[in-house]
Amino acid sequence: MATPAAPLKCPPPMKATSNGVFQGDDPLDYALPLAIVQICLVLVLTRVLAYLLRPLRQPRVVAEIIGGILLGPSALGRNEKYLHTIFPPKSLTVLDTLANFGLLFFLFLVGLELDPKSLRRTGKKALCIAVAGISLPFVLGIGTSFALRATISKGVNQGPFLVFMGVALSITAFPVLARILAELKLLTTDVGRMAMSAAAVNDVAAWILLALAIALSGTTSSPLISLWVLLCGAGFVILCIFIGPPIFKWMARRCSDGEHVDEIYVCATLAAVLAAGFVTDTIGIHALFGAFVLGVLVPKEGPFAGALVEKVEDLVSGLFLPLYFVSSGLKTNVATIQGAQSWGLLVLVIFTSCFGKIVGTIVVSLLCKMPMQEALTLGFLMNTKGLVELIVLNIGKDRGVLNDQTFAIMVLMALFTTFITTPIVISIYKPAKLAVTEYKHRTIERKDTSKQVRMLTCFYSTRNIPTLINLIEVSRGTEKREGLRVYAMHLMELSERSSAILMVHKVKRNGLPFWNKGEVTDSNQVVVAFETFEHLSKVSIRPTTAISPMNSMHEDIITSAERKRVAMIILPFHKHQRLDGHFETTRTDLRHVNRRVLQHAPCSVGILVDRGLGGASHVSASNVDFTITILFFGGHDDREALAYGVRMAEHPGVTLIVVRFVVDPEVAGGSVKIDMNQNSSLEAQPDEVLLSGLKQRISKDGSIKYEERTIKDAAETFEAIKTYNRCNLFLVGRMPEGQVVAALNKKSECPELGPIGNLLISSEFSTTASVLVVQQYRSQLSQDSLSSLEEGESSEGNESN
């Protein structure tokens, strides 16, 4: 056995690239092709695991830790041939270098997520909880270290081991916690805000303690050297604090909103991150510290931080970071945990870690007069471990402070504590839904038209903003009314990207959704656009951002509409118009959001098909010259569209054309007459009342025109509608009623738009007018309306299959 061991001790250096299999080379004997195979294997395994764990609502870090362990000697690595082929010892230097390179930039992103200003504003309550969440586990960690040193960690240096164990047990993973809170929609709750504030303080304290642990764990036993390392580290941080912010602020000032961030600034910052990593590594702490410190110092407002994230994140967190988990997994051998003693120590470590974090947090929370349920939830949230925990353990392993068995125990502890967080929080904390006050005005159509109208307008990208602002402009009514209040909600997907929480900084709070209160100083161009419009018009606009996964985004829209007591939700259509006039799907999941809102909305809903109402910019009140056409067939939805159109007609720059379609009496057969008689008491009367009121108004208001078109069949209806294509906006009901529509109502591609809406966006219909398809609120939607949406869902599912 001595002969094969020799090359392992001193493996020959690997060449970068091979000459190819035809030249007789094995690509897996060369650094680059082997690294490619390793990366691909890691990515496939971790993504599959993340998909499998999604129903359990687990953060991706759990899948990546498990993936790393499975690829290592604990599972697949038990096969020696696999281990020496895919992860031979000579390739580990390259793998570790790539992993640490990715980690360096990831820690820079973690620093970007931490806002020093919010740390300074941390309340006494959050500070006390953070201190308790660090001190008790730290003390218990030191206690546990004595038990470990007496059994499986004999002979290790006592000082560094005590500190490493204390730090490992007292950490709360800020980035992982932020993602869990966002996915559970707890970011805006009191518990969520408290957890984020306490975790941010905890994170900074953990890094300081880790710096201390690393300084103590140097190869030399001289305490003077450790002190020198600490002093140099402190000097580096102070130097960065004085030099970094002025330079970064100067760069940020030169990057204006809406413009491309100059590449030279991004390159300079990334080079500075590498340089800072080199300096801290030279000092003897770790290259990660330099990157983290620079990340904290970069200003969070403006497009500069966003540009850095965009350039760095996908490559780092998607490609390089999973390698770090594999690097950890290759060092983790669960098989080393053998016998009752080892498993007993694992239970002891898990117990002390959970007990210290959870009990310490609960006790202080209760002393701060928090309810028991919230205190318990906060305890489990603060117990979240993750990547930072692995970094501590890996540094301890590399420095020889943690042996194989201790390392494996600590990795399993980190995995267990993170895994249990989401299921336990879901089971114990069900925040009481805010009591939704019953409100009268759930529709635009109402008896008292002088009351204020509230609307919730939603958009996904800045592309929709000019049309939305122009729509709000013509919806504001007259000065005699109480006016219009608009809640403009920017819908942002909570993606798999690790620093999706950076989006939260844009709305000043970690939250979903957060309503900006008072004056907003954010330079976000969306907020600026709406604020500018608010100053120019007499409309009250409250911009907000909702951050959630696509599959639950409709819940946020519906909840916000209820809480703000709005009369109508305006949603963007899931397709956008190309230059050739045809529509193409932006994203399929947007259509699911629209359909679910239509099914469950607490008020009326409008779907806006944007063809550029008023062009690509805001049209000032004095320059508005719009023609709005209402195609009226009858029924609830058409009446809502008409009520909204009449409100728009109050704007001095709007001409409203109401076209009522009537069936030719010669065509109306006996069966149709019976149908009409059945519905007459329900539908015909309200339609006639609304139209008679409109006719009285026309005599006083010259901006409204009313026409009646008698038609015989669907073809004639289509031809009649074509004659009105020269307008700026069509207002139509989603499910109009009557014989004419029954003839039109064939299976359509987009049932959420209804038969007339589909007609207006079809390639056969030539127009540049935007379309607003309106559904009126009813406590129970009609069977036709619901079945059309459900059929649309099922047909789309079949197509995708």
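Glycine residues also receive a Cβ, built from the backbone N, Cα and C atoms like all the rest.
Values in this document were obtained by computation on a predicted structure and should not be read as measured data.
Annotated transmembrane segment per TrEMBL: 30-49 (among others), in sequence order. Beyond its flanks by at least six residues, the transmembrane segment (30-49) meets 14-18, 60, 63-64, 66-67, 70-71, 86-88, 91, 94-95, 98, 318-319, 322-323, 325-326 of its own chain at Cβ-Cβ distances under 8 Å.
The domain 'Cation/H+ exchanger transmembrane' annotation in TrEMBL covers 45-424.
Sequence annotations record features per position, and here TrEMBL assigns transmembrane segment to 61-77 (among others).
Per TrEMBL, the feature transmembrane segment maps to 97-114 (among others).
What TrEMBL lists as transmembrane segment is 126-148 (among others).
Residues of the same chain lying 6 or more positions beyond the ends of the transmembrane segment (160-182) and with a Cβ under 8 Å from any Cβ of it are 59, 61, 110, 113-114, 133-135, 137-142, 144-145, 148-149, 153, 192, 195-196, 198-200, 202-203, 206, 209-210, 212-213, 216-217, 349, 352-353, 356-357, 381-389, 392-393, 396, 399, 401-402, 410, 414, 418, 421-422, 425, 494, 498-501, 504, 510, 512, 547-548. Here TrEMBL flags 160-182 (among others) as transmembrane segment.
Residues or ranges marked as transmembrane segment in TrEMBL: 194-218 (among others).
Taken from TrEMBL, the feature transmembrane segment applies to 224-244 (among others). Counting same-chain residues at least six beyond the ends of the transmembrane segment (224-244), those with a Cβ under 8 angstroms from any Cβ of the stretch are 211-212, 214-216, 218, 276, 279-280, 283-285, 289-290, 293-294, 297-298.
Sequence-distant contacts of the transmembrane segment (265-298) (same chain, at least 6 residues past either end, Cβ-Cβ under 8 Å): 100, 103-105, 107-114, 116, 207, 211, 214-215, 218, 229, 232-233, 236-237, 240-241, 244-245, 248, 251, 254-255, 304-305, 307-308, 311-312, 391, 395. According to TrEMBL, the feature transmembrane segment maps to 265-298 (among others).
Summarising the annotation, TrEMBL assigns transmembrane segment to 343-368 (among others).
Positions annotated as transmembrane segment by TrEMBL: 375-395 (among others).
The feature transmembrane segment is assigned by TrEMBL to 407-429 (among others).
Feature annotation from TrEMBL assigns domain 'Cation/H(+) antiporter central' to 483-623.
Per TrEMBL, domain 'Cation/H(+) antiporter C-terminal' is recorded for 627-778.
Summarising the annotation, TrEMBL assigns compositional bias 'Acidic residues' to 790-801.
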Interface present between the transmembrane segment (343-368) and the transmembrane segment (407-429) (three or more C-beta pairs under 8 A): yes
Residues from the same chain, set at least six apart from the ends of the transmembrane segment (126-148), whose C-beta lies under 8 A from its own: 161-162, 164-170, 172, 194, 197-199, 201-202, 205-206, 209, 345, 348-349, 352-353, 355-357, 359-361, 363-365, 367-368, 378, 382, 406
Non-local residues, at least 6 beyond the ends, that sit with Cβ under 8 Å of the transmembrane segment (375-395): 59, 61, 65, 103, 106-107, 110, 129, 133, 164, 167-168, 171-177, 180-181, 191, 194-195, 198-199, 202-203, 206, 210, 213-214, 217, 286, 288, 321, 324-325, 327-328, 331, 353-354, 357-362, 365-366, 402, 407, 410-411, 413-415, 417-418, 420-421, 424-425, 428-429
Taken over the domain 'Cation/H(+) antiporter C-terminal' (627-778), the model's mean pLDDT: 78
